[in-house]
Amino acid sequence: MASRKENAKSANRVLRISQLDALELNKALEQLVWSQFTQCFHGFKPGLLARFEPEVKACLWVFLWRFTIYSKNATVGQSVLNIKYKNDFSPNLRYQPPSKNQKIWYAVCTIGGRWLEERCYDLFRNHHLASFGKVKQCVNFVIGLLKLGGLINFLIFLQRGKFATLTERLLGIHSVFCKPQNICEVGFEYMNRELLWHGFAEFLIFLLPLINVQKLKAKLSSWCIPLTGAPNSDNTLATSGKECALCGEWPTMPHTIGCEHIFCYFCAKSSFLFDVYFTCPKCGTEVHSLQPLKSGIEMSEVNAL
């Protein structure tokens with residue numbers, strides 16, 4: 001029987017990382033709520049909330065506490081991770097939620113403690129009497145003891161995995177799963193697939209800049225268009241001058257590279273700057289010099305176009 005109880009406890013034991021993640025989620029939610037709340041007062045007088053900031057924060061945290069721990073026995077972070085609080089003082093092995101007094105004292109220790117810490121500094125700053133100085137020293141001493149106790153509790157939590165905060169230990173509440181957790185088999189198929197695709201993507205990112213796109217495009221166009229031989233007549237230049245050998249459009253600022261084909265200035269210049277070994281995609285002639293076209297085209301041909 002004892003071994004079964006121990007196995008049941010170990011199966012329902014919440015991981016340390018899950019409890020710490022729940023605390024971080026709670027802090028993130030508080031920051032989000034406060035930032036959204038302050039956005040509502042941007043049009044008001046500057047510093048309106050600064051005077052009553054501790055009280056406003058306390059009211060917001062009480063509102064969150066009312067609809068999380070008080071009603072659902074779990075914080076927002078715990079609800080996301082399928083965790084809730086259990087009364088550790090209960091002798092019953094079944095789940096026993098925290099009592100009403102434990103919930104109220106949880107709010108007093110967390111919300112009231114933070115409010116008192118923020119307000120007492122303002123109180124001591126505005127009063128410089130000797131009696132207030134002694135009270136301030138006592139408060140600082142108590143705060144130091146609480147921080148030391150929190151550190152010791154955290155070290156014990158790392159060792160035993162129970163009571164993530166000092167408040168939980170003092171009130172006797174700890175985190176348990178909402179539903180019994182089954183032992184899951186870890187599969188690495190998805191991870192292996194992701195690693196494979198990430199490796200392939202990194203390989204493409206490394207390889208693509210090394211590919212000369214302009215040269216590849218010219219090579220493909222030379223394969224698709226049959227190579228032309230030497231010019232058979234004097235009219236070859238005029239006939240080929242109706243379209244750019246690269247873009248296939250009417251040549252803008254027509255230039256030649258030393259063969260009978262005509263190019264737009266931008267097409268030829270950009271291709272030559274991108275690849276110093278640029279050749280004509282139609283006849284394979286290497287670039288000797290980029291010269292403007294000097295031969296004229298009959299106006300009848302222009303009108304026919």
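Glycine is no exception: its Cβ is also placed from the backbone N, Cα and C atoms.
According to Swiss-Prot, the protein has these features:
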{"type": "TOPO_DOM", "residues": "1-15", "note": "topological domain 'Peroxisomal matrix'"}
{"type": "TRANSMEM", "residues": "16-42", "note": "transmembrane segment"}
{"type": "TOPO_DOM", "residues": "43-48", "note": "topological domain 'Cytoplasmic'"}
{"type": "TRANSMEM", "residues": "49-74", "note": "transmembrane segment"}
{"type": "TOPO_DOM", "residues": "75-98", "note": "topological domain 'Peroxisomal matrix'"}
{"type": "MOD_RES", "residues": "LYS84", "note": "N6-acetyllysine"}
{"type": "TRANSMEM", "residues": "99-125", "note": "transmembrane segment"}
{"type": "TOPO_DOM", "residues": "126-133", "note": "topological domain 'Cytoplasmic'"}
{"type": "TRANSMEM", "residues": "134-160", "note": "transmembrane segment"}
{"type": "TOPO_DOM", "residues": "161-187", "note": "topological domain 'Peroxisomal matrix'"}
{"type": "TRANSMEM", "residues": "188-211", "note": "transmembrane segment"}
{"type": "TOPO_DOM", "residues": "212-305", "note": "topological domain 'Cytoplasmic'"}
{"type": "ZN_FING", "residues": "244-284", "note": "zinc finger"}
{"type": "BINDING", "residues": "CYS244, CYS247, CYS264, CYS267", "note": "Zn(2+) 1 binding site"}
{"type": "BINDING", "residues": "CYS259, HIS261, CYS280, CYS283", "note": "Zn(2+) 2 binding site"}
Alpha-carbon spacing, CYS247 (Zn(2+) 1 binding site) to HIS261 (Zn(2+) 2 binding site), which is rounded to whole Å: 12
Whole-number Å value for how far HIS261 (Zn(2+) 2 binding site) lies from CYS244 (Zn(2+) 1 binding site) (Cα to Cα): 8
Euclidean distance between Cα atoms of CYS264 (Zn(2+) 1 binding site) and CYS283 (Zn(2+) 2 binding site), Å: 17
Using Cα positions only, nearest of the binding-site residues to LYS84 (N6-acetyllysine) (CYS259, HIS261, CYS264, CYS267): CYS267
Long-range Cβ environment of CYS267 (Zn(2+) 1 binding site), under 8 Å and at least 6 residues apart: CYS244, LEU246, CYS247
Interface-richest range of 16-42, 99-125, 188-211 toward the transmembrane segment (49-74), CB pairs under 8 Å: 99-125
Lowest local Cβ density among CYS244, CYS247, which the record lists as binding-site residues, within 10 Å: CYS247
Separation of alpha carbons, CYS264 (Zn(2+) 1 binding site) and CYS280 (Zn(2+) 2 binding site) (Å): 13
DSSP-derived class (H/G/I helix, E/B strand, else coil) of CYS267 (Zn(2+) 1 binding site): helix
Mean predicted confidence [pLDDT] for the topological domain 'Cytoplasmic' (43-48): 80
Residue with minimal Cβ packing [other Cβ atoms within 10 Å] among the binding-site residues CYS264, CYS280, CYS283: CYS283
